[in-house]
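According to Swiss-Prot, the active site, proton acceptor annotation covers Tyr243, on the basis of similarity to another entry. Annotation source Swiss-Prot lists NAD(+) binding site at 93-124, citing similarity to another entry. According to Swiss-Prot, the transmembrane segment annotation covers 32-52, 91-111.
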Amino acid sequence: MSHLDDIPSTPGKFKMMDKSPFFLHRTRWQSSVAKLAFWSLVFFGLLFIFFYRSPISNPDSSRRSLRTYSWGGPAWEKRVRSSARVRTRNGVSVLVTGAAGFVGTHVSAALKRRGDGVLGLDNFNDYYDTSLKRSRQALLERSGVFIVEGDINDLSLLKKLFEVVPFTHVMHLAAQAGVRYAMENPGSYVHSNIAGFVNLLEVCKSANPQPAIVWASSSSVYGLNTKVPFSEKDRTDQPASLYAATKKAGEEIAHTYNHIYGLSLTGLRFFTVYGPWGRPDMAYFFFTRDILKGKAISIFEGANHGTVARDFTYIDDIVKGCLGALDTAEKSTGSGGKKRGAAQLRVFNLGNTSPVPVTDLVSILERLLKVKAKRNMMKLPRNGDVPFTHANISSAQREFGYKPSTDLQTGLKKFVRWYLGYYKQGGKKVAAAA
């Protein structure tokens, strides 16, 4: 029986047995209590619906990411310590947030291969296919990387991780990605990219010793900037999307924690990362899927039929940049939340320096897949996309020898080979691209 079943739908009638003022007062009081209880239940019911029931057409991933996770206990702590244990003399111990993500998986694997201690953290939200994230998790587990299932907004979990392991570095790659999705679910971007980042920095600044932090910003911070190539000193005060605005906010927040608490912080502005184990919401990925299925693909063009181009950067080059930034990151200067001196604060572009028209990307995919694409040319919508990106990487080259080496033709060939091997059609693996 529902707890509301004992509340009558109508007041009904009853016969007064006692006309005394005391009795009248008592019955009025009881009636008031009943009404109060009823409306309280209605009020809390509405609160429940509002906060815990999101519309089907607009799922709130920020709420989903706060679901209850199971962590803690001796066995769990043993796995955490084992994964984070340094295997080489000069190795470091790194907490990688967003470890089940595209870049996070590749970076975690690379760190582990060279003998560093690596512990992953990911909330496995369903912004895109979670089975792909689970496959990445299985891949990392085979190499000895344990991914803690939890959220960066869980302060207790973060504090526990730093109690169990004195991390020397944090590679912060957890974020709500995607430019267009921000128009559907803006709260998830504030929740993950701003609140989550602040939460992580709060724990890091109180740690003893404080870790050095390398984190993923984005090339989207350049927004409506028209000066090319994009350089780190160019203006970034014209974001074209909420996603870009949250990443720009992250850079300002990083400056604040560096200035007040002495945290060593390095931001990396990624330029259109692609490759095996990529994100299904990226154009090269869903173009491949739709071309194979015979579906039409929408290709955007700029004003007056202008070219839309991207500085596509292969994942292996991005990983080299991440490790280079990590290896040259200086120690934080604070301790227990108190600054002891000036700390390092940097930001770098990680791109390929060779913008390629999206139409050329489609042509390459057609050759690799041996399928002609059904092209649908469309005007670039005002949803946060920009007509071009182009990275100036001279700062990263100078600081840690960053030098991308994979052209788009080579990188897409590797991606297509992985895609055809990973996804099956009719229960059989599709033949690999030539």
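For all residues, glycine too, the Cβ spot is worked out from N, Cα and C.
Mapped onto this structure are the features recorded in Swiss-Prot.
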| residue | record | Cβ within 10 Å |
| --- | --- | --- |
| Ser93 | NAD(+) binding site | 20 |
| Thr97 | NAD(+) binding site | 27 |
| Gly101 | NAD(+) binding site | 27 |
| Thr105 | NAD(+) binding site | 29 |
| Ala109 | NAD(+) binding site | 20 |
| Arg113 | NAD(+) binding site | 11 |
| Gly117 | NAD(+) binding site | 25 |
| Leu121 | NAD(+) binding site | 27 |
| Tyr243 | active site, proton acceptor | 25 |
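A coil conformation is recorded for Gly101 (NAD(+) binding site) in the three-state DSSP classification, outside any helix or strand. Spacing of Arg113 (NAD(+) binding site) relative to Tyr243 (active site, proton acceptor) is 32 Å (Cα to Cα, whole number).
Between the C-alpha atoms of Ser93 (NAD(+) binding site) and Tyr243 (active site, proton acceptor), the distance comes to 30 Å.
Under the DSSP three-state reduction, Arg113 (NAD(+) binding site) is assigned to helix.
Residue pair Tyr243 (active site, proton acceptor) / Thr97 (NAD(+) binding site) shows a Cα separation of 18 Å.
Taken residue by residue with DSSP, Ser93 (NAD(+) binding site) is part of a strand.
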